[in-house]
């Protein structure tokens, strides 16, 4: 009898969940409710009553499970099942036609079907459903790893907690955003100095709020548009995916359309651009996807984005404001940058007060003067940029920039190569250059030292150790201490700051006592101190742990961190994929560097110059003494030395189903293959993907070099 009663209660709960889920979809997604708010609220309360009485029957996808007031997020990093790649850009019809021509080479037809989608200006999200139940939600992160925000995602009522599918595991991607109407209402209710800069930042910040109950109040929404492995799951076209997402109850942008050719699509695309301000959500362009999945693998990918889709960037909105001043800054490489300080102006949903002026030549060519009224756009919808001057409004007090060709920080003479437009400070002791380099070194993409923000680094960089010691000793002398304490000994070097170089970062722990001052008398206010670093013992220990963790970063990060001209993360990865120990770079020639994949002669010369300088090797040796990792460990158990590919030289050309960097890394580790950039008699194999360079293929044939056209990295 009890079993029957329990079965009946279970069925009642399931029926209530089914009803409420249907009504939520009608109200939040379709904007067409079939029941009144009163009916919904009463049913919700009824379900809540049953769930409290019979918690063993609570369903994970019940509407009551969207918000748990006691939940807090930890934002654990999780690897994506499929890379979250960015998209290539185009800006006009001609570039769109070029995109179509590349597709046509594969499809063998002039007219190709495309899906046009609005490019939502929000935060990318990847949902994972297991047996139809929402189980995980990840942000884009770096495209390889994202942060889990599942608790916060569940608060968005347009996202179904359960979908009707027999697929065991499915990944569904979309964009979290806030409507224009809701964003304006939210900002209207806030004080002037607490208003959100733009809707995208608001959505991003909300989704990363640790308080789930607070997120539930944020009025977030989401659109969905993509299943990364749709073809494997039996879908044949992108438009079929869109229709299925609608059927499953996902919010899908009404503006998504299917076209039989690129010219038809372009007409509708321009209509979308002209009407973008009439939408109740912000878009920064449109996405064009080739509709037929069967050709995707053949069309392939670059190292950064798929070649079967492209983002069309709309012409930027132009506004006018007054240029109040021109600020000169020195970057980590010594490059001088020119920044316009502006009268605040709203542009594309953001309040703009600064914009780039590129370089001195740009300023002179446009005759930009302080106090001028200038035209402003967002370059690629992100970076504010001054594009011209309203000469009709030029005021009498407009004045040209006084440029004395000296560094604004150290006042040493600037230099410029005849073939370049940028001016550089080459003085090694330039304070601003040193600080910018330290900020770069500690940044997330490089050595990823959490706790050393720009402001904290600036404080450590500018504060003399002896000044802090004197303040501490004064506190001890005045008996503002909780224990008997000897005076701290002054350093011999009066000019020594806490962090003057990257080496000092790894020795910060020795200053713990004078930084956090745990010996201060209880109740003493640190706010009265002249030198207050705002660290408690726990936060300082966390910083030291992060510094120690940075010692074990991958080799490519260290290579990028060495501040070598023209060397960014992509080039550093290319080097580390071939040479797994920094010491191997000591005796390389320019030609050796040029043989590496994707490295130009300019970059090769820069690398050769850096690693030929004994001063730089002194720094590397000092880093080694501090236990900084300078090599990638190779697991010899995974190396296949019996393969015909072992220890051979390869040239890679064309596009592949995964990025070229990933291929190079896998093959370098598995077979110790060395990748070079050009085909010569010294090359053993050419690995060719889709649309390989004809010249390289022809050279390989002439030299009888075997051409591989299979995925040997998966063997």
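The backbone N, Cα and C atoms fix where each Cβ goes, and this holds for glycine too.
When the candidates 66, 140, 332 are compared with the NAD(+) site entry in Swiss-Prot, which names 37, 38, 39, 40, 41, 86, 87, 117, 175, 289, 313, the shared residue is 140. In terms of DSSP secondary structure, the domain 'BRCT' (640-715) contains 24 helix, 16 strand, 36 coil. Taking the Cβ of residue 407 (Zn(2+) binding site) as reference, residues of its chain lying under 8 Å away and at least six apart in sequence are, in sequence order, 330, 336, 413, 414, 425, 427, 430, 432.
For the binding-site residues 39, 425, the greatest number of Cβ atoms within 10 Å around a candidate Cβ is found at 425. Of the candidate binding-site residues, 37, 41, 87, 140, 410, the one lying closest to residue 119 (active site, N6-AMP-lysine intermediate) when CA atoms are compared is 87.
In this structure the C-alpha atoms belonging to residue 289 (NAD(+) binding site) and residue 410 (Zn(2+) binding site) are separated by 51 Å. Sequence-distant neighbours of residue 410 (Zn(2+) binding site) (same chain, 6+ residues apart, CB-CB distance under 8 A): 425, 427, 429, 430, 431, 432, 433.
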